[in-house]
Amino acid sequence: MGTRFLLALCLVLLVLGFEVQGTQLPKQDEPPSPALLSQVQESLSSYWESAKAAAQKLYEKTYLPAVDEKLRDLYSKSTAAMSTYTGIFTDQVLSVLKGEE
């Protein structure tokens, strides 16, 4: 497996993990509408809910505090690095746009 695949997999699992741990808000009943857009939205919502439920079961089954801590540490380090590199990139773009004076 490539590094990109593992990174993408970790990010997807991290997002699903945060979604699973998030607060559960009560759903409000909406009147049914025959519009195609609402049907697609309901279908996608049901797929997301089933994926979230599967992730919740997997999370509860395989929860390891050490791995969770490592993932959180990895996330914080990677976001810190990205903000640093974004700042460097922004400075470079601004210096190119500004030009030599």
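A Cβ is built for glycine as well, from the same backbone N, Cα and C atoms used for every other residue.
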Feature region 'Lipoprotein lipase cofactor' in Swiss-Prot, mapped to one of the ranges 6-29, 78-101: 78-101
Helix, strand and coil counts within the region 'Lipoprotein lipase cofactor' (78-101) (DSSP): 21 helix, 0 strand, 3 coil
For the signal peptide (1-17), sequence-distant contacts whose Cβ falls under 8 Å of one of its Cβ atoms, 6 or more beyond its ends: 51-52, 55, 59, 71, 74-75
